Amino acid sequence: MPVSVAVSVASPPSLPRVARSPPPPPRHSARVRHRLASCRWVNFSSHPLDSGRFEHLSSRCSITNTDVQYDHVATDDEALSEKSVIEAECPVPVVHLKPEILESDSSSLLTERDFVDNLLTALPVLSVEEQNALAAIPAHPAGLYAMYASCLTGNLVEQLWNFAWPSAIALLHPSLLPVAVMGFIAKLAIIAGGPLVGKLMDSFPRLPAYNFLNTLQAAAQLLSAAMIIRAHSIPSTSASAVILRPWFIVLVLAGAVERLCGIALGVAMERDWVVLLAGVNRPIALAQANAIINRIDLLCEIAGASLFGILLAKYDPVTCLKSAAGLMICSLPVTVFLTWLTNKLSTGVLDRPKSLHNCCKSCNGVTVNENDSIAGVGVDAIKLGWKEYIQQPVLPASLAYVLLYFNVVLAPGSLMTAFLTQRGLNPSVIGGFSGLCAVMGVAATFVSANLVNRLGILKAGAAGLIFQASLLTIAVAVYWSGSLSQQYPLLFFLSLIVLSRLGHMSYDVVGAQILQTGIPSSKANLIGTTEVSVASLAESVMLGVAIVVNDSSHFGILAMLSLVSVVGAAWMFCRWLLNPTDEQRSLFAFDFQ
């Protein structure tokens, strides 16, 4: 009786198994007859067989869907002769089987198949409550805590320096021109160099790239502090003469490098590392991790400004800058150690490759040749960054985030401070306004995690945008009512802006999680830095408009432009939410349960 079997002799783990389909040999009662059909594999490595069962084995082979006839069993001499005949006709390895193998192992194979079927049908299915509980547990909680400590150390020094350098420069000359020039050059550096730095970070391992940028940022900060200390030791001149001094040119270049490194480090931490440590398939845990990172950033902003302000009130600027430089030097090895500890406590999750192409010279469409110039590579990286940014699956959420950067008036900042000062408002009230906005940012980190838990990621983002747009609409209506000359309407106007920061910062946290979920880790740094470049471009455009209409009587025009950008962000996001694509449903399956 002919029996159809498929035979495969397992090869060593280092060598792949290859199924061959040789041409059919001449018919013989002891030969093997082939049929063109589906290939079924039987791996003898999982069934320990006695080596004596295989009398003759030419090589590793796979014979698919064969019929073996048992009307004649070849003897050893016949097998040897048949082997030579077959090898002459076809260079295909042949396996000679003893018939008792099929009789003895068929029942065991069937039994194991039944066992696998029963095992698959017996797998437990988690309930909705159990799924929600699992979604709130980070994948690597110990690694997350080490990352929080590293984030705290790095952000404290960075926020202290962000407050220190403009304060120290402002003491050199009463003009705002030096600070404005430094800020403008830093924006240009982010716009032009952001995609290139992101591309380079995606092409190198995480830990070496992160530590290198940390070291480069600290070196740029120390160089900037040295230049400002040098400036305080020479006589002051006019503002136009200051920007032409060699020390100021070095300061501008060092400041641009420092800002570019800071942006790249923030993107790597917030778009890549936290996703690996919290788990991209654990939305509640990821939302809580994002909230804690934003909370740390806001607290470091308050603490850094307060610390340097206290030092500046007691000591001269040179002493304060030397203290800040000492803090930078001490914090660098601590940050590097905490980065190493983060990877160790997370069982090396940060060592995972970002892409299969990372080991190649060509990655994601950019080929790096030795003869290519830095400018050519930079232009290619910028083009690739914009291409990947436009093609990302969560583009509407990112564009909504960028549109919020057009709101430079209805938010705490230099323009709002100037407007309130010209209105004759008490400086303590202006300081209280900025402080309350920061408090709302901290509160938003708590609210956003609860919103994600109750509404899901997408609806939580929509809630934050709608809340902000509604309050700012009322605030602009109060402004155009012409009653801001009175104290209570002005305070009501400021209160609406303070409350709107709750929605703004909620979307800032939730929007980051949406982008973390939708962007693969192999492109996280490239797309993230490109997004920051686009946001910086949007902010620069609004600052340019503010320079053109610089009179305080035109504040209403700037307020309307800011409101339109916020309303447009809410409309774009809600439209994307109401018309989900199949890819959107796949990425955010937790929201569509």
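Using the three backbone atoms N, Cα and C, a Cβ is placed for every residue, glycine included.
According to TrEMBL, the features are:
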- 176-197: transmembrane segment (TRANSMEM)
- 209-230: transmembrane segment (TRANSMEM)
- 242-267: transmembrane segment (TRANSMEM)
- 298-315: transmembrane segment (TRANSMEM)
- 321-342: transmembrane segment (TRANSMEM)
- 399-420: transmembrane segment (TRANSMEM)
- 432-453: transmembrane segment (TRANSMEM)
- 460-480: transmembrane segment (TRANSMEM)
- 486-503: transmembrane segment (TRANSMEM)
- 524-549: transmembrane segment (TRANSMEM)
- 555-578: transmembrane segment (TRANSMEM)
Interface present between the transmembrane segment (432-453) and the transmembrane segment (298-315) (three or more C-beta pairs under 8 A): yes
Dominant neighbour of the transmembrane segment (432-453) in 176-197, 209-230, 460-480, 486-503, by Cβ pairs under 8 Å: 486-503
Recorded stretches the transmembrane segment (555-578) and the transmembrane segment (209-230) touching, at least 3 CB pairs under 8 Å: no
Cβ contacts the transmembrane segment (242-267)/the transmembrane segment (399-420), at least three under 8 Å, sequence gap 6 or more: no
Long-range Cβ neighbours of the transmembrane segment (460-480) (under 8 Å; 6 or more residues past either end): 287, 397, 400, 407, 410, 444, 448, 451-452, 454, 489, 492-493, 496-497, 499-507, 510-511, 514, 555-556, 559-560, 562-563, 566-567, 569-570, 573-574, 577
Dominant neighbour of the transmembrane segment (486-503) in 176-197, 209-230, 399-420, 524-549, by Cβ pairs under 8 Å: 399-420
The transmembrane segment (524-549) and the transmembrane segment (176-197) contact flag, 3+ Cβ pairs under 8 angstroms: yes
